Amino acid sequence: LEQALISDAFEVVKSVIMNLESNFSFPSQNCVWHDFLSSSSFSPDYNSFLLNSGEMLLKKFHLAKYHGNTGTIEFDLNGTRKYLKLKILDFDQHGVREIGSYGWNDDSLTIRSLGQKKITEIRRHLQVVTREEKPYVSRIFFPNGTVQFEGYCIDMLNHIAKELNFNYSLRVVSDGNYGKEEDSTGKWTGIIGELVDRNADLGVGALTITSAREKVIDFTKPFMNFGITILFRKPLRTKPNLFAFLAPLSLEVWLCMGAAYVGVSFFLFSMARLSPYEWQSPYSCKRNSDYIINRFTIMNCFWFCVGSLMKQNIDYGPKSLCLRTLIGSWWFFSLIMIASYTANLAAFLTTKRLKSPIDDVEALAKQTEIKYGALKGGSTEQFFRSSKLPLYERMWYYMSSKPDVFMITTEEGINRVKNENYAFLLESATNEYNVQRHCELMQVGGLIESKSYGIGTAHGSPYRDLISDVILKMQENGVLSKMYDTWWKERNVPVPCDDLDVDKRKKHFTNELDLKNIGIYKSKNTWKQHIKEELYFTMCTGCRSRKHSQQPMEPQHNSNNNNNTNNNNDEVRLKLVPFNHIISSN
């Protein structure tokens, strides 16, 4: 438009100057305007021109009428252009077509019937640009050289194309970015830059809707909501120690229980000594004996209290009411403590208890040992760059000072999380997809903020509203939800990591009790080997000791009996004899 207006302005000036030739005579027929104005010979016509040039030029412009690129050029008495109308053009597969006009002076818009049809209908063939990232968009290369696209966004785009009756050409963006604004030039990169330059009709993929992007392109209704999360490696399981059975209760509880045990035992002993009902005759047939005893000695009191804790029966019981009240209270206390200990022990020894060095984004920002970053040129980087919250500003200062923490692709970030002490900040939907396929990874903390994915279009594109309507219908009919389950939970899941599926993968999430968990020492030889050795030693008639039970005793032919006796003093000679002989000997 600017070029057309400038061209018409020069043409009008040229037309007015050419009309001046008919009113003035020039020094020479071959004279040009540069020579005429710079000439030293001033003719009467030239002097008249100098005196009245402004009025004459203004009069000529008022009378000028020229048909240029922007329509008929005419001016009123105030010098304002009259009857300015601009053509509205559209480009399709047949070329450029005029579909209407716009009146500059009266702000009138006229659209022809062909133009109305073009605006309400979508083109039959669209140019779509995308970025490769699983599970949204991925490429399959075949041996014959052909390439096929697949993914969640591809299935969604195919459904939209079927509903709106169009086809499309799909290509991957050259720089591999979703799009960000360059600080130095102000130009946009990636998919956003392709849409801003109108090199593509649609931008499809994990394209986040942001306010900065909304200023330069349009977005459809969101097809997926998500938030920023932290992807981190699962911590290694700690090796159980010998005293793992003490873990269900804290040290304070164990000390209080020990103090209660000692205190109740001494209190029971004191009350038993003071109560006359606990002094009885030791002979059941002679109750009125001068010799009486008290069965609640100090050792028996300790034994009685520990037997109550272990739920064992004791041969004797209290006779007096005060001792029965005390022991009943101790039994009730033991019942509560044993029940609590048993429930906690099962939870501690059979449930995976993993402690991560970071719990949320605040813990990640406070520490310095674990590096963290985001996808280069993505919406997560843009969020931390533009955030005004002190926490996120501090995180952006750290990330911007270490350019190596920004990853080119999501796969590169996942590999770094696996192999290094690194946390990857990315969208929750992508995080959930990778956690289900990499069991050694986990999501840490909740959502940092709420965002949405949408399909990008150029500013003023007629495709936005049409595609938005189809997306809303897909959400209402459950089509998008079905696609999500297909690509997140069914497709390309080599090792399922679902906690709810306990029938086949229960061992990955629970720990059976082994010898180390219950504090039993496990020797190098297994218990089966020990049983074999015991049976072999029992049945062996020539074995000299347990240590050499696997080898029968060699016959001794040494004539020195004293040496034999001295060497075998520490050995036990065994011989298998008949059982009836042992009975008869006894």
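Keep in mind that glycine also has a Cβ here, set from the backbone N, Cα and C atoms.
Pulled from TrEMBL, these are the features on record:
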- Thr208, Arg213, Ser379, Thr380, Glu427: L-glutamate binding site (BINDING)
- 558-569: compositional bias 'Low complexity' (COMPBIAS)
- Cys439-Cys497: disulfide bond (DISULFID)
- 125-490: domain 'Ionotropic glutamate receptor C-terminal' (DOMAIN)
- 135-197: domain 'Ionotropic glutamate receptor L-glutamate and glycine-binding' (DOMAIN)
- 547-570: region 'Disordered' (REGION)
- Arg385: site 'Interaction with the cone snail toxin Con-ikot-ikot' (SITE)
- Lys473: site 'Interaction with the cone snail toxin Con-ikot-ikot' (SITE)
- 242-271: transmembrane segment (TRANSMEM)
- 292-310: transmembrane segment (TRANSMEM)
- 330-349: transmembrane segment (TRANSMEM)
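Fewest Cβ neighbours within 10 Å among the recorded positions Arg213, Lys473: that distinction goes to Lys473. Rounded to a whole value, the Cα-Cα separation of Thr208 (L-glutamate binding site) and Arg385 (site 'Interaction with the cone snail toxin Con-ikot-ikot') is 15 Å. Arg213 (L-glutamate binding site) sits 14 Å from Arg385 (site 'Interaction with the cone snail toxin Con-ikot-ikot'), taking the CA atoms of both as reference points.
Sequence-distant contacts of Thr380 (L-glutamate binding site), defined as residues of its own chain at least six apart whose C-beta falls under 8 angstroms from its C-beta, comprise Ile228, Ala374, Leu425, Leu426, Glu427. For the domain 'Ionotropic glutamate receptor L-glutamate and glycine-binding' (135-197), the number of residues in each DSSP class (helix H, G, I; strand E, B; coil) is 20 helix, 17 strand, 26 coil. Taking CA atoms as the reference points, Cys439 (disulfide bond) and Arg385 (site 'Interaction with the cone snail toxin Con-ikot-ikot') are 31 Å apart. Neighbours of Arg385 (site 'Interaction with the cone snail toxin Con-ikot-ikot'), defined as other CB atoms within 10 A of its CB across all chains, total 17.
In sequence order, Tyr178, Thr208, Thr210, Glu427, Lys451 are the residues near Ser379 (L-glutamate binding site), counting only same-chain partners six or more apart with C-beta under 8 A. Distance between Cα atoms for Arg385 (site 'Interaction with the cone snail toxin Con-ikot-ikot') and Lys473 (site 'Interaction with the cone snail toxin Con-ikot-ikot'): 35 Å, as a whole number.
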